[in-house]
Amino acid sequence: MASTAAPPAALVARRAASASVAAPLRGAGLAAGCQPARSLAFAAGADPRLAVHVASRCRAASAARGTRAVATMAKKSVGDLTAADLEGKRVLVRADLNVPLDDNQNITDDTRIRAAIPTIKYLLSNGAKVILTSHLGRPKGVTPKFSLAPLVPRLSELLGIEVKKAEDVIGPEVEKLVADLANGAVLLLENVRFYKEEEKNDPEFAKKLASLADLFVNDAFGTAHRAHASTEGVTKFLKPSVAGFLLQKELDYLDGAVSNPKRPFAAIVGGSKVSSKIGVIESLLEKCDILLLGGGMIFTFYKAQGLSVGSSLVEEDKLELATSLLAKAKAKGVSLLLPSDVIIADKFAPDANSQTVPASAIPDGWMGLDIGPDSVKTFNDALDTTQTIIWNGPMGVFEFDKFAVGTESIAKKLAELSKKGVTTIIGGGDSVAAVEKVGVADVMSHISTGGGASLELLEGKELPGVVALDEGVMTRSVTV
């Protein structure tokens, strides 16, 4: 069977079909609500080296966990502001309007523009004057092809008003346009990255930008992990500085729901390299009950356990790390599932020959590019036991249709579970492209708009653009 290659693919754990595996699990202190033995263990026939570091039980739902209070510091949101706070006020809104354009400057995907609309409409409905700022691409100075001009028609259409555009970001001409702005009107500034001072977080530039407004709303989650002038710098000069609806939703799901999830809580982590997901895996091991690993990173885990991986992608300098992560999962009682079968290819190409083999039987000269059907079944069985799922990273080289089955199967499973009330969070990046490709994006509980910002938040890092905002009300929730 011909197949295509891409970064080595994900692997999934084999279904527990044997009483010899299941029996010990029943006495492992599993909590009510976990349905572990049948789906969370390796089959007795699986290579023992695949199972050696895997804890096949749901974590901490036993009496050992008990009741836990979780405190989170919320940020003040635009929804906390009333008409009395907003009417007649100049509001600087940092949005993420970094949309793709074709060679004719036509927008090819307006998702980020649509995501910014609720915050803008709320401000307009409360009589504010909105000054909208964003970046587009990575310009080196003023670069016409990175102008925000092509965004004006779509913004105007979605808002139902004529959006005006400035030819600059700061300066006398911009100040005049702001002064002439009526209540309920929108002015779009030019690409803020036309100024090198933006990414340097230059205080003087931030001060000039802030001087245009009375208060600040950050709704650009995709750049919240950067301390730039328009995300962090302006907060030193504008109060209040609050989160927009999109940014708040990202925090609610990627921080709130992940830190204090409905359990059992499963995390699916894919991607080509362990090195790019170390922080995410380590952070999620502190929080999740089940961790499913896929993508090319899996082969580093396999080689660390002494398995032959053929020509699959391996990070030789991360073998010890892979072993330690497996040991950490076992120590914390996290059910870490590895694929039991893999779809392999004889080259990294769409027209490659392919076949399905056990994860322990990858021949020389072949590379893994997707998880196999047994692995998909095992992953799906595990996900059936959960109440919260977060997914970051594809299961295989889904850019090639032949190796997209594993990734698309996971997307469809999450859509099915989301309809049943399971909280499903798509943590940015290629996972978003996957659910959009399958046509199930609208069904998910939350789809993150951030790439690097999503990863850093999942890693437990503080995001400068969020830290700089005004603090909201301390919330406290309890899980049992």
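Glycine is treated like the rest: Cβ placed from N, Cα and C.
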Based on Swiss-Prot, name the residue from Gly271, Gly279, Gly372, Gly421 that is recorded for the same CDP site as Gly295, Gly393, Phe398. Gly271
Of Ser134, Gly137, Lys273, Gly368, Gly393, which binding-site residues are close to Ser431 (ATP binding site), meaning a Cα within 10 Å of its Cα? Gly393
Cα-Cα distance linking Gly393 (CDP binding site) and Gly271 (ADP binding site), given in Å to the nearest integer: 5
Cα separation, Gly368 (AMP binding site) to Ala95 ((2R)-3-phosphoglycerate binding site) (Å, whole number): 40
Tell me the coarse DSSP state (helix, strand, coil) of Asp430 (ATP binding site). helix
Pick out which of the binding-site residues Ser134, Glu399 has the most other Cβ atoms within 10 Å of its own Cβ. Ser134
For Arg193 ((2R)-3-phosphoglycerate binding site), the three-state DSSP class is helix
Simplified DSSP label at Asn98 ((2R)-3-phosphoglycerate binding site) comes out coil
Once the DSSP letters are reduced so that anything not helix or strand counts as coil, what is Lys273 (AMP binding site)? coil
